[in-house]
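Participant: This structure is in C-alpha coordinates; I'll ask about it shortly.
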Amino acid sequence: MTNHSVILCILDGWGNGENNQFNAIAQAYKPCWDNITLQYPKSHLITHGSSVGLPDGQIGNSEVGHVNLGSGRIVLQDLCKINNEIKYIKDNVYLLEFINKIKKNNGICHIAGLLSDGGVHSSYTHILDIINTLSDFQIQVAVHIFLDGRDTPPISATKYISILCEHIKHLNNINIATLSGRYYAMDRDNRLDRTTKAYNAIAFANAKRYEDPLTAVQDSYNLGITDEFILPCIIGNYQGMKPQDGFIMTNFRSDRVIQIIKMIIGDIKTDNHITLDNTIGMVKYSDKINIPCLFPNNNITNTLGEVIANNQLHQLRIAETEKYAHVTFFFNGGKEDMFENEDRIIIPSPSVATYNLTPEMSAEKVTDTIIEKIKLQKYSLIIVNYANADMVGHTGNIDATKQAITTIDQCLSKILNCIQNTNYVLVITSDHGNAEEMFDVKNNMPYTAHTLNPVPFIICNYNKKIRLKNGRLCDVAPTILEILNLAKPKEMTGVSLIEQV
(Lines of atoms letter the chains of each structure in order from A; the text may use other names.)
(Lines give C-alpha, C1' and ligand atoms only; values in the text may rest on other atoms or scores of the structure.)
Protein backbone atom coordinates (compact mmCIF):
# COMPACT_ATOMS: atom_id res chain seq x y z
CA MET A 1 0.00 0.00 0.00
CA THR A 2 1.11 3.54 -0.65
CA ASN A 3 2.29 6.45 1.44
CA HIS A 4 1.43 8.79 -1.41
CA SER A 5 -1.78 10.12 -2.89
CA VAL A 6 -2.07 11.45 -6.44
CA ILE A 7 -3.85 14.33 -8.12
CA LEU A 8 -4.06 13.71 -11.86
CA CYS A 9 -4.58 17.11 -13.44
CA ILE A 10 -5.64 16.91 -17.09
CA LEU A 11 -5.20 20.23 -18.87
CA ASP A 12 -7.55 19.60 -21.76
CA GLY A 13 -6.23 20.93 -25.08
CA TRP A 14 -2.77 21.91 -23.72
CA GLY A 15 -0.08 20.87 -26.20
CA ASN A 16 3.61 21.53 -26.74
CA GLY A 17 3.98 23.70 -29.83
CA GLU A 18 6.35 26.12 -31.49
CA ASN A 19 6.96 29.34 -29.58
CA ASN A 20 5.33 31.77 -31.98
CA GLN A 21 2.66 34.46 -32.05
CA PHE A 22 -0.11 31.91 -32.66
CA ASN A 23 0.73 29.76 -29.63
CA ALA A 24 -1.67 31.00 -26.96
CA ILE A 25 0.09 28.96 -24.27
CA ALA A 26 3.52 30.38 -25.07
CA GLN A 27 2.13 33.92 -25.34
CA ALA A 28 0.09 33.81 -22.11
CA TYR A 29 1.20 35.09 -18.72
CA LYS A 30 1.76 31.90 -16.70
CA PRO A 31 4.49 32.27 -14.06
CA CYS A 32 3.52 29.12 -12.16
CA TRP A 33 3.70 26.97 -15.29
CA ASP A 34 7.03 28.46 -16.28
CA ASN A 35 8.39 27.56 -12.84
CA ILE A 36 6.88 24.05 -12.94
CA THR A 37 8.58 23.24 -16.24
CA LEU A 38 11.93 24.34 -14.83
CA GLN A 39 11.67 22.79 -11.37
CA TYR A 40 10.05 19.37 -11.82
CA PRO A 41 10.73 16.23 -13.90
CA LYS A 42 9.02 16.43 -17.27
CA SER A 43 8.64 14.58 -20.55
CA HIS A 44 6.05 14.46 -23.30
CA LEU A 45 3.32 12.11 -24.49
CA ILE A 46 2.01 11.23 -27.95
CA THR A 47 -1.76 11.66 -28.27
CA HIS A 48 -2.59 10.74 -31.85
CA GLY A 49 -2.61 7.94 -34.39
CA SER A 50 -1.70 4.38 -33.49
CA SER A 51 -0.36 5.52 -30.10
CA VAL A 52 -3.98 5.96 -28.96
CA GLY A 53 -5.73 3.37 -31.14
CA LEU A 54 -6.53 5.66 -34.07
CA PRO A 55 -5.45 5.44 -37.72
CA ASP A 56 -1.94 6.75 -38.35
CA GLY A 57 -1.96 10.52 -38.60
CA GLN A 58 -5.44 10.89 -37.10
CA ILE A 59 -5.63 13.72 -34.56
CA GLY A 60 -6.60 12.68 -31.04
CA ASN A 61 -9.57 13.99 -29.10
CA SER A 62 -10.88 14.20 -25.56
CA GLU A 63 -12.82 10.93 -25.59
CA VAL A 64 -9.91 8.95 -27.02
CA GLY A 65 -7.47 10.68 -24.70
CA HIS A 66 -9.39 9.94 -21.53
CA VAL A 67 -10.08 6.33 -22.50
CA ASN A 68 -6.35 5.77 -22.99
CA LEU A 69 -5.43 7.69 -19.83
CA GLY A 70 -7.84 5.69 -17.70
CA SER A 71 -7.35 2.24 -19.19
CA GLY A 72 -3.56 2.11 -19.18
CA ARG A 73 -3.48 0.45 -22.59
CA ILE A 74 -3.89 1.40 -26.23
CA VAL A 75 -7.59 0.97 -26.90
CA LEU A 76 -8.62 0.37 -30.50
CA GLN A 77 -10.96 3.28 -31.10
CA ASP A 78 -14.35 3.18 -32.75
CA LEU A 79 -13.01 4.96 -35.84
CA CYS A 80 -10.50 2.17 -36.51
CA LYS A 81 -12.94 -0.57 -35.57
CA ILE A 82 -15.69 0.77 -37.81
CA ASN A 83 -13.27 1.43 -40.66
CA ASN A 84 -12.34 -2.26 -40.50
CA GLU A 85 -15.88 -3.59 -40.17
CA ILE A 86 -18.00 -1.27 -42.30
CA LYS A 87 -16.78 -2.95 -45.49
CA TYR A 88 -19.09 -5.80 -44.40
CA ILE A 89 -22.01 -3.51 -43.53
CA LYS A 90 -24.36 -5.26 -45.99
CA ASP A 91 -24.12 -8.34 -43.79
CA ASN A 92 -24.48 -6.49 -40.48
CA VAL A 93 -27.31 -8.29 -38.65
CA TYR A 94 -28.32 -5.18 -36.72
CA LEU A 95 -28.65 -3.13 -39.90
CA LEU A 96 -30.56 -5.92 -41.64
CA GLU A 97 -33.07 -6.08 -38.76
CA PHE A 98 -33.46 -2.31 -38.96
CA ILE A 99 -34.03 -2.44 -42.74
CA ASN A 100 -36.56 -5.27 -42.50
CA LYS A 101 -38.57 -3.30 -39.97
CA ILE A 102 -38.65 -0.24 -42.24
CA LYS A 103 -39.82 -2.38 -45.15
CA LYS A 104 -42.48 -4.05 -43.03
CA ASN A 105 -43.78 -0.65 -41.87
CA ASN A 106 -43.51 0.90 -45.35
CA GLY A 107 -41.47 3.74 -43.88
CA ILE A 108 -38.40 5.69 -44.88
CA CYS A 109 -34.97 5.85 -43.25
CA HIS A 110 -33.67 9.02 -41.65
CA ILE A 111 -29.88 8.98 -41.44
CA ALA A 112 -28.17 11.70 -39.39
CA GLY A 113 -24.60 12.53 -38.53
CA LEU A 114 -21.68 14.91 -38.71
CA LEU A 115 -20.60 15.24 -42.35
CA SER A 116 -16.89 15.58 -41.70
CA ASP A 117 -13.52 13.94 -42.09
CA GLY A 118 -12.36 15.27 -38.73
CA GLY A 119 -12.49 11.73 -37.36
CA VAL A 120 -13.45 12.90 -33.88
CA HIS A 121 -17.19 12.26 -33.90
CA SER A 122 -17.79 10.65 -37.26
CA SER A 123 -16.51 9.93 -40.74
CA TYR A 124 -18.48 10.99 -43.78
CA THR A 125 -17.32 7.82 -45.53
CA HIS A 126 -19.34 5.78 -43.01
CA ILE A 127 -22.43 7.75 -43.98
CA LEU A 128 -21.80 7.05 -47.66
CA ASP A 129 -21.29 3.33 -47.00
CA ILE A 130 -24.56 3.03 -45.09
CA ILE A 131 -26.41 5.04 -47.76
CA ASN A 132 -25.13 2.61 -50.39
CA THR A 133 -26.56 -0.35 -48.49
CA LEU A 134 -29.91 1.35 -47.92
CA SER A 135 -30.08 2.18 -51.61
CA ASP A 136 -29.30 -1.43 -52.54
CA PHE A 137 -32.28 -2.47 -50.42
CA GLN A 138 -34.41 0.16 -52.19
CA ILE A 139 -35.07 2.09 -48.98
CA GLN A 140 -36.06 5.74 -49.33
CA VAL A 141 -33.57 7.84 -47.34
CA ALA A 142 -33.73 11.34 -45.84
CA VAL A 143 -30.24 12.59 -44.93
CA HIS A 144 -29.89 14.99 -42.00
CA ILE A 145 -26.50 16.68 -42.18
CA PHE A 146 -24.72 18.07 -39.14
CA LEU A 147 -22.03 20.58 -40.14
CA ASP A 148 -18.63 20.62 -38.44
CA GLY A 149 -16.33 23.66 -38.65
CA ARG A 150 -14.68 22.77 -35.37
CA ASP A 151 -12.65 19.63 -36.08
CA THR A 152 -12.44 20.89 -39.67
CA PRO A 153 -11.83 24.44 -40.99
CA PRO A 154 -14.65 26.83 -39.99
CA ILE A 155 -15.71 27.34 -43.61
CA SER A 156 -15.45 23.92 -45.24
CA ALA A 157 -18.99 22.51 -45.34
CA THR A 158 -19.42 23.00 -49.09
CA LYS A 159 -16.59 20.53 -49.71
CA TYR A 160 -18.33 17.72 -47.84
CA ILE A 161 -21.81 18.57 -49.09
CA SER A 162 -20.52 18.50 -52.67
CA ILE A 163 -19.02 15.05 -52.08
CA LEU A 164 -22.35 13.81 -50.71
CA CYS A 165 -24.37 15.35 -53.54
CA GLU A 166 -22.09 13.82 -56.16
CA HIS A 167 -22.36 10.44 -54.43
CA ILE A 168 -26.14 10.29 -54.15
CA LYS A 169 -27.02 11.66 -57.57
CA HIS A 170 -26.52 8.16 -59.01
CA LEU A 171 -28.57 6.47 -56.27
CA ASN A 172 -32.32 6.08 -56.11
CA ASN A 173 -34.49 7.58 -53.38
CA ILE A 174 -31.72 9.41 -51.47
CA ASN A 175 -32.42 13.05 -50.58
CA ILE A 176 -30.80 15.64 -48.33
CA ALA A 177 -33.53 16.67 -45.89
CA THR A 178 -32.01 19.06 -43.33
CA LEU A 179 -28.81 20.87 -42.39
CA SER A 180 -27.74 21.94 -38.92
CA GLY A 181 -24.56 23.33 -37.44
CA ARG A 182 -23.20 21.08 -34.69
CA TYR A 183 -23.69 23.95 -32.22
CA TYR A 184 -27.38 23.02 -32.33
CA ALA A 185 -27.56 19.33 -33.24
CA MET A 186 -24.62 18.24 -31.07
CA ASP A 187 -24.90 20.26 -27.88
CA ARG A 188 -23.86 18.28 -24.79
CA ASP A 189 -24.27 20.88 -22.05
CA ASN A 190 -28.03 20.53 -21.53
CA ARG A 191 -28.77 23.64 -23.56
CA LEU A 192 -31.93 22.03 -24.84
CA ASP A 193 -33.10 25.11 -26.71
CA ARG A 194 -30.29 24.44 -29.19
CA THR A 195 -31.06 20.73 -29.51
CA THR A 196 -34.78 21.46 -29.92
CA LYS A 197 -34.10 23.63 -32.98
CA ALA A 198 -32.33 20.71 -34.66
CA TYR A 199 -35.01 18.24 -33.53
CA ASN A 200 -37.86 20.38 -34.84
CA ALA A 201 -36.19 20.57 -38.24
CA ILE A 202 -35.63 16.80 -38.39
CA ALA A 203 -38.95 15.68 -36.92
CA PHE A 204 -41.38 18.31 -38.21
CA ALA A 205 -39.57 20.14 -41.03
CA ASN A 206 -40.03 23.23 -38.89
CA ALA A 207 -37.30 25.66 -40.00
CA LYS A 208 -36.37 27.93 -42.89
CA ARG A 209 -36.53 26.11 -46.23
CA TYR A 210 -34.00 26.17 -49.07
CA GLU A 211 -34.03 24.59 -52.51
CA ASP A 212 -30.60 23.01 -52.11
CA PRO A 213 -27.97 22.60 -49.36
CA LEU A 214 -25.20 24.65 -50.98
CA THR A 215 -27.49 27.68 -51.22
CA ALA A 216 -28.37 27.27 -47.55
CA VAL A 217 -24.72 27.23 -46.52
CA GLN A 218 -23.80 30.19 -48.72
CA ASP A 219 -26.68 32.18 -47.26
CA SER A 220 -25.17 31.69 -43.80
CA TYR A 221 -21.67 32.54 -45.03
CA ASN A 222 -23.03 35.80 -46.42
CA LEU A 223 -24.21 36.63 -42.89
CA GLY A 224 -20.81 35.80 -41.37
CA ILE A 225 -22.04 32.50 -39.89
CA THR A 226 -19.55 29.63 -40.09
CA ASP A 227 -20.32 25.92 -40.38
CA GLU A 228 -20.62 25.12 -36.68
CA PHE A 229 -23.25 27.80 -36.07
CA ILE A 230 -25.49 27.43 -39.14
CA LEU A 231 -29.12 27.38 -38.02
CA PRO A 232 -31.11 24.20 -38.70
CA CYS A 233 -32.89 24.45 -42.03
CA ILE A 234 -34.98 22.35 -44.43
CA ILE A 235 -33.85 21.29 -47.89
CA GLY A 236 -36.21 20.76 -50.84
CA ASN A 237 -39.67 19.38 -50.13
CA TYR A 238 -38.85 17.43 -46.97
CA GLN A 239 -41.98 17.14 -44.81
CA GLY A 240 -40.74 15.56 -41.56
CA MET A 241 -40.76 12.15 -39.88
CA LYS A 242 -43.64 9.68 -39.59
CA PRO A 243 -44.15 7.02 -36.88
CA GLN A 244 -43.43 4.17 -39.32
CA ASP A 245 -39.99 5.59 -40.22
CA GLY A 246 -36.58 4.48 -38.96
CA PHE A 247 -33.67 6.59 -37.70
CA ILE A 248 -29.91 5.92 -37.84
CA MET A 249 -27.37 8.05 -35.98
CA THR A 250 -23.96 7.68 -37.63
CA ASN A 251 -21.78 9.53 -35.11
CA PHE A 252 -19.62 7.11 -33.13
CA ARG A 253 -18.72 9.42 -30.26
CA SER A 254 -21.41 9.47 -27.65
CA ASP A 255 -21.26 12.68 -25.65
CA ARG A 256 -22.52 15.01 -28.38
CA VAL A 257 -25.38 12.84 -29.66
CA ILE A 258 -27.01 11.89 -26.37
CA GLN A 259 -29.35 14.90 -26.26
CA ILE A 260 -30.58 14.65 -29.85
CA ILE A 261 -30.99 10.86 -29.58
CA LYS A 262 -32.97 11.24 -26.36
CA MET A 263 -35.29 13.67 -28.13
CA ILE A 264 -35.71 11.29 -31.06
CA ILE A 265 -36.72 8.38 -28.80
CA GLY A 266 -38.74 10.55 -26.40
CA ASP A 267 -36.53 10.36 -23.32
CA ILE A 268 -36.26 14.16 -23.41
CA LYS A 269 -39.74 15.62 -23.67
CA THR A 270 -40.54 18.28 -26.26
CA ASP A 271 -43.71 20.24 -26.92
CA ASN A 272 -44.36 18.06 -29.96
CA HIS A 273 -42.99 14.59 -30.57
CA ILE A 274 -43.02 11.87 -33.20
CA THR A 275 -42.71 8.41 -31.64
CA LEU A 276 -40.40 6.09 -33.59
CA ASP A 277 -39.93 2.48 -32.53
CA ASN A 278 -37.06 1.81 -34.95
CA THR A 279 -33.94 3.75 -33.97
CA ILE A 280 -30.35 2.53 -34.12
CA GLY A 281 -26.96 4.04 -33.31
CA MET A 282 -23.48 3.50 -34.63
CA VAL A 283 -22.26 2.34 -31.19
CA LYS A 284 -23.69 2.00 -27.69
CA TYR A 285 -24.01 5.61 -26.60
CA SER A 286 -25.07 5.11 -23.01
CA ASP A 287 -26.38 2.48 -20.63
CA LYS A 288 -29.39 4.77 -20.25
CA ILE A 289 -30.23 4.87 -23.97
CA ASN A 290 -32.02 1.68 -24.89
CA ILE A 291 -31.47 1.38 -28.63
CA PRO A 292 -29.50 -1.22 -30.61
CA CYS A 293 -26.22 -0.35 -32.30
CA LEU A 294 -24.41 -1.40 -35.46
CA PHE A 295 -21.01 -1.89 -33.84
CA PRO A 296 -21.09 -3.05 -30.17
CA ASN A 297 -18.36 -1.71 -27.88
CA ASN A 298 -15.45 -3.60 -26.38
CA ASN A 299 -15.49 -4.32 -22.65
CA ILE A 300 -12.53 -2.62 -20.94
CA THR A 301 -11.66 -4.04 -17.51
CA ASN A 302 -9.09 -3.26 -14.83
CA THR A 303 -8.92 0.45 -15.57
CA LEU A 304 -7.10 2.77 -13.18
CA GLY A 305 -10.33 3.54 -11.36
CA GLU A 306 -11.13 -0.14 -10.97
CA VAL A 307 -7.67 -0.89 -9.56
CA ILE A 308 -8.09 1.91 -7.03
CA ALA A 309 -11.49 0.54 -6.02
CA ASN A 310 -10.23 -3.05 -5.78
CA ASN A 311 -7.63 -1.85 -3.29
CA GLN A 312 -10.36 -0.30 -1.12
CA LEU A 313 -9.04 3.21 -1.74
CA HIS A 314 -11.11 6.35 -2.22
CA GLN A 315 -11.09 8.34 -5.45
CA LEU A 316 -12.66 11.60 -6.64
CA ARG A 317 -13.54 12.73 -10.17
CA ILE A 318 -14.17 16.43 -10.70
CA ALA A 319 -14.74 18.62 -13.76
CA GLU A 320 -17.07 21.25 -15.05
CA THR A 321 -20.00 20.21 -17.22
CA GLU A 322 -18.18 20.29 -20.55
CA LYS A 323 -15.65 17.64 -19.47
CA TYR A 324 -17.53 15.76 -16.75
CA ALA A 325 -18.21 12.74 -18.98
CA HIS A 326 -14.53 12.53 -19.80
CA VAL A 327 -13.27 12.10 -16.23
CA THR A 328 -16.09 9.65 -15.44
CA PHE A 329 -17.61 7.67 -18.32
CA PHE A 330 -14.67 7.77 -20.72
CA PHE A 331 -11.96 7.50 -18.06
CA ASN A 332 -13.71 4.38 -16.75
CA GLY A 333 -13.58 2.73 -20.17
CA GLY A 334 -17.12 3.60 -21.25
CA LYS A 335 -18.83 2.60 -18.01
CA GLU A 336 -21.31 4.94 -16.35
CA ASP A 337 -21.60 3.22 -12.98
CA MET A 338 -19.33 4.45 -10.20
CA PHE A 339 -16.82 2.16 -8.55
CA GLU A 340 -16.93 1.53 -4.82
CA ASN A 341 -15.56 4.55 -2.93
CA GLU A 342 -15.65 6.69 -6.07
CA ASP A 343 -17.09 10.18 -5.64
CA ARG A 344 -17.98 12.57 -8.44
CA ILE A 345 -18.45 16.32 -8.48
CA ILE A 346 -19.75 18.30 -11.45
CA ILE A 347 -19.31 22.07 -11.52
CA PRO A 348 -21.72 23.80 -13.95
CA SER A 349 -20.08 25.41 -16.96
CA PRO A 350 -20.98 29.06 -17.64
CA SER A 351 -24.17 29.56 -19.62
CA VAL A 352 -22.77 31.54 -22.54
CA ALA A 353 -23.00 31.22 -26.31
CA THR A 354 -19.26 30.62 -26.77
CA TYR A 355 -16.51 30.34 -24.17
CA ASN A 356 -14.37 33.19 -25.48
CA LEU A 357 -16.94 35.31 -23.62
CA THR A 358 -15.91 33.72 -20.30
CA PRO A 359 -12.42 32.27 -20.81
CA GLU A 360 -12.05 31.54 -17.12
CA MET A 361 -15.06 29.18 -17.43
CA SER A 362 -15.58 27.47 -14.03
CA ALA A 363 -11.92 26.73 -13.31
CA GLU A 364 -11.81 28.72 -10.09
CA LYS A 365 -14.81 26.87 -8.65
CA VAL A 366 -13.25 23.56 -9.67
CA THR A 367 -10.02 24.55 -7.92
CA ASP A 368 -11.72 25.73 -4.74
CA THR A 369 -13.54 22.40 -4.54
CA ILE A 370 -10.33 20.42 -5.09
CA ILE A 371 -8.60 22.31 -2.30
CA GLU A 372 -11.48 21.52 0.06
CA LYS A 373 -11.15 17.83 -0.80
CA ILE A 374 -7.35 17.79 -0.48
CA LYS A 375 -7.66 19.08 3.07
CA LEU A 376 -9.88 16.12 3.96
CA GLN A 377 -6.95 13.73 3.28
CA LYS A 378 -9.58 11.21 2.18
CA TYR A 379 -8.74 10.46 -1.44
CA SER A 380 -5.83 8.40 -2.70
CA LEU A 381 -6.59 9.57 -6.24
CA ILE A 382 -8.17 12.82 -7.41
CA ILE A 383 -8.76 13.20 -11.15
CA VAL A 384 -9.55 16.70 -12.39
CA ASN A 385 -10.03 18.12 -15.87
CA TYR A 386 -9.54 21.79 -16.69
CA ALA A 387 -11.52 22.48 -19.86
CA ASN A 388 -10.34 26.01 -20.65
CA ALA A 389 -7.47 25.50 -23.11
CA ASP A 390 -9.63 23.21 -25.24
CA MET A 391 -13.03 24.86 -25.08
CA VAL A 392 -11.75 28.42 -25.49
CA GLY A 393 -9.18 27.24 -28.02
CA HIS A 394 -12.00 25.87 -30.16
CA THR A 395 -13.36 29.41 -30.58
CA GLY A 396 -10.23 30.45 -32.48
CA ASN A 397 -9.92 33.58 -30.32
CA ILE A 398 -6.27 33.80 -29.31
CA ASP A 399 -6.66 36.66 -26.81
CA ALA A 400 -9.42 34.84 -24.95
CA THR A 401 -7.38 31.63 -25.01
CA LYS A 402 -4.41 33.46 -23.47
CA GLN A 403 -6.74 34.56 -20.67
CA ALA A 404 -7.85 30.94 -20.27
CA ILE A 405 -4.23 29.82 -19.90
CA THR A 406 -3.57 32.46 -17.26
CA THR A 407 -6.61 31.26 -15.33
CA ILE A 408 -5.35 27.66 -15.37
CA ASP A 409 -1.92 28.87 -14.27
CA GLN A 410 -3.46 30.55 -11.24
CA CYS A 411 -5.36 27.37 -10.42
CA LEU A 412 -2.21 25.24 -10.63
CA SER A 413 -0.47 27.66 -8.29
CA LYS A 414 -3.24 27.28 -5.70
CA ILE A 415 -3.12 23.47 -5.90
CA LEU A 416 0.67 23.36 -5.61
CA ASN A 417 0.59 25.63 -2.58
CA CYS A 418 -2.10 23.48 -0.99
CA ILE A 419 -0.23 20.18 -1.36
CA GLN A 420 3.03 21.40 0.12
CA ASN A 421 3.77 19.40 3.28
CA THR A 422 1.20 16.76 2.29
CA ASN A 423 1.62 13.31 0.74
CA TYR A 424 -0.08 14.44 -2.49
CA VAL A 425 1.83 14.10 -5.75
CA LEU A 426 0.60 16.31 -8.59
CA VAL A 427 0.70 14.62 -12.00
CA ILE A 428 0.04 17.07 -14.84
CA THR A 429 -0.71 16.11 -18.42
CA SER A 430 -3.19 16.65 -21.25
CA ASP A 431 -5.34 14.58 -23.58
CA HIS A 432 -4.41 16.37 -26.83
CA GLY A 433 -3.19 19.71 -28.12
CA ASN A 434 -5.26 22.71 -29.19
CA ALA A 435 -4.37 26.06 -27.64
CA GLU A 436 -0.77 25.96 -28.88
CA GLU A 437 -1.95 26.34 -32.51
CA MET A 438 -4.53 29.06 -32.96
CA PHE A 439 -4.07 30.10 -36.59
CA ASP A 440 -3.90 28.27 -39.90
CA VAL A 441 -1.23 30.19 -41.80
CA LYS A 442 -1.68 28.13 -44.97
CA ASN A 443 -5.40 28.92 -45.28
CA ASN A 444 -5.17 32.32 -43.54
CA MET A 445 -7.92 31.59 -41.02
CA PRO A 446 -8.26 30.76 -37.31
CA TYR A 447 -7.37 27.17 -36.46
CA THR A 448 -10.04 25.69 -34.21
CA ALA A 449 -9.25 21.97 -34.25
CA HIS A 450 -7.00 19.73 -32.17
CA THR A 451 -3.36 19.22 -33.10
CA LEU A 452 -0.81 16.46 -33.62
CA ASN A 453 1.59 17.96 -31.10
CA PRO A 454 2.78 16.03 -28.05
CA VAL A 455 1.51 17.07 -24.63
CA PRO A 456 3.42 17.68 -21.39
CA PHE A 457 3.84 15.10 -18.66
CA ILE A 458 5.10 16.48 -15.34
CA ILE A 459 5.29 15.09 -11.80
CA CYS A 460 5.36 17.61 -8.94
CA ASN A 461 5.87 17.25 -5.18
CA TYR A 462 7.21 13.68 -5.37
CA ASN A 463 9.81 13.02 -2.68
CA LYS A 464 11.95 10.78 -4.87
CA LYS A 465 14.60 11.77 -7.38
CA ILE A 466 13.36 10.62 -10.76
CA ARG A 467 13.57 11.16 -14.48
CA LEU A 468 10.61 10.78 -16.82
CA LYS A 469 10.69 8.98 -20.15
CA ASN A 470 8.65 10.12 -23.11
CA GLY A 471 5.64 7.93 -23.79
CA ARG A 472 1.97 7.68 -24.70
CA LEU A 473 -1.25 8.46 -22.87
CA CYS A 474 -1.63 4.79 -21.93
CA ASP A 475 1.55 5.06 -19.84
CA VAL A 476 0.02 7.53 -17.37
CA ALA A 477 -2.06 4.99 -15.40
CA PRO A 478 0.89 2.59 -14.85
CA THR A 479 3.00 5.56 -13.74
CA ILE A 480 0.37 6.57 -11.19
CA LEU A 481 0.16 2.99 -9.91
CA GLU A 482 3.92 3.01 -9.34
CA ILE A 483 3.64 6.23 -7.32
CA LEU A 484 0.84 4.62 -5.29
CA ASN A 485 2.86 1.40 -4.93
CA LEU A 486 0.02 -0.65 -6.42
CA ALA A 487 0.45 -3.61 -8.76
CA LYS A 488 -0.28 -3.04 -12.43
CA PRO A 489 -2.89 -5.49 -13.79
CA LYS A 490 -1.98 -7.62 -16.78
CA GLU A 491 -4.57 -5.85 -18.93
CA MET A 492 -2.55 -2.63 -18.70
CA THR A 493 0.01 -2.79 -21.49
CA GLY A 494 1.26 0.74 -20.86
CA VAL A 495 4.47 1.18 -18.87
CA SER A 496 5.56 3.44 -16.04
CA LEU A 497 7.56 6.40 -17.31
CA ILE A 498 9.47 6.83 -14.05
CA GLU A 499 13.21 6.22 -14.01
CA GLN A 500 14.99 6.36 -10.66
CA VAL A 501 18.02 8.65 -10.55
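Heads up, the Cβ atoms here are built off N, Cα and C, so glycines get one too.
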Participant: Given that Swiss-Prot assigns ASP12, ASP431, HIS432 to the Mn(2+) 2 site, pick the one from SER50, SER51, SER62 that the record assigns to that site as well.
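Facilitator: Looking at SER50, SER51, SER62, the one Swiss-Prot places in the Mn(2+) 2 site next to ASP12, ASP431, HIS432 is SER62.
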Participant: Can you tell which of ARG182, ARG317 Swiss-Prot lists as binding substrate with HIS121, ARG150, ASP151, ARG188, ARG253, SER254, ASP255, ARG256, LYS323?
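Facilitator: The record-listed residue among the candidates is ARG182.
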Participant: Can you find which of HIS314, HIS450 Swiss-Prot lists as binding Mn(2+) 1 at the same site as ASP390, HIS394?
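Facilitator: Swiss-Prot names HIS450 for this Mn(2+) 1 site.
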Participant: Among the binding-site residues HIS121, ASP151, ARG188, ARG256, HIS394, whose Cα is within 10 A of the Cα of ASP431 (Mn(2+) 2 binding site)?
Facilitator: none
Participant: Identify, among the binding-site residues HIS394, HIS432, HIS450, the residue whose Cβ has the fewest other Cβ atoms within 10 Å in this structure.
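Facilitator: Sparsest of the binding-site residues HIS394, HIS432, HIS450 by Cβ contacts within 10 Å: HIS394.
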Participant: Here's one to test understanding: among the recorded positions ASP12, SER62, HIS432, whose C-alpha is closest in space to the C-alpha of HIS121 (substrate binding site)?
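Facilitator: Nearest listed residue in space: SER62.
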Participant: Around HIS394 (Mn(2+) 1 binding site), which of the listed recorded positions (ASP12, SER62, ASP151, ARG188, SER254, ARG256) come within 10 Å, judging by Cα atoms?
Facilitator: ASP151
Participant: Tell me the coarse DSSP state (helix, strand, coil) of ASP390 (Mn(2+) 1 binding site).
Facilitator: helix
Participant: Which of the listed binding-site residues (HIS121, ARG188, ARG256) has the least company, meaning the fewest other Cβ atoms within 10 Å of its Cβ?
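Facilitator: Each of the binding-site residues HIS121, ARG188, ARG256 was scored by Cβ atoms within 10 Å; lowest is ARG188.
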Participant: Given the binding-site residues ASP151, SER254, ARG256, HIS432, which lie within 10 A of HIS450 (Mn(2+) 1 binding site) by CA-CA distance?
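Facilitator: Among ASP151, SER254, ARG256, HIS432, the ones whose Cα sits within 10 Å of that of HIS450 (Mn(2+) 1 binding site) are ASP151, HIS432.
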